[in-house]
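**Q** Got a structure for you, questions after.
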Amino acid sequence: MNMNELVFIDDFDNHVVIMSEVVMRLNSYRQTHYTSTESGGTLIGERRGQHLVITHISEPGQDDVRNRTGLERKGIHHQQKVNDLFQQSNGFIVYLGEWHTHPEDFPHPSFIDIKSWVMGIVATEPMIMLIVGRKDIWIGKKIKNDIKKLKKKMVS
């Protein structure tokens, strides 16, 4: 395992691994300046039994509407990236959830975040919700309408 990967676990010791390339891309969107706008996209990767591996993300595009504390993903490129990777992998790489940034050091979901995740993401499989803050990442797993924060696993 690469030391730059992030690993999180749920209450049942199911893992969510964020590959190092994805960690680097997510970190590049941290809102470190007072003029930085919110960024976001889709989380894409592999389902390995009860474990999830995030291997790719879609990134902000010119059609997305972004401001300091809000984001509307309007670009069709987000879905196109999911579709392309799904086809290239013969259905092995799939949509796993959503990510976006917050202009705070230690992020947590807002009421709007939770409402949009519960209402907007309908899936029979567990989905991942991720918020990139200036110093830390908040990550949760959505199963049906229940969202639980995951714990960071220390990797030796």
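Note that Cβ sites are derived from N, Cα and C of the backbone, with glycine treated the same way.
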**Q** For the feature motif 'JAMM motif' as recorded in Swiss-Prot, pick the matching range from 2-15, 44-57, 100-113, 142-155.
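**A** Swiss-Prot lists motif 'JAMM motif' for residues 100-113.
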**Q** Under an 8 Å Cβ to Cβ limit, what residues of the same chain, 6 or more beyond the ends of the motif 'JAMM motif' (100-113), are close to it?
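**A** Contacts with the motif 'JAMM motif' (100-113): 29-31, 36, 38-41, 68-69, 71, 129-138, 140, 147.
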**Q** Over all shown protein chains, what is the count of other CB atoms within 10 A of the CB belonging to His102 (Zn(2+) binding site)?
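**A** There are 20 of them.
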**Q** Around the Zn(2+) site (His100, His102, Asp113), what further same-chain residues have their C-beta within 8 angstroms of the site's C-beta centre?
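**A** For the Zn(2+) site, the extra neighbours are Glu38, Gly40, Leu71, Thr101, Pro107, Pro109, Ser110, Ile131.
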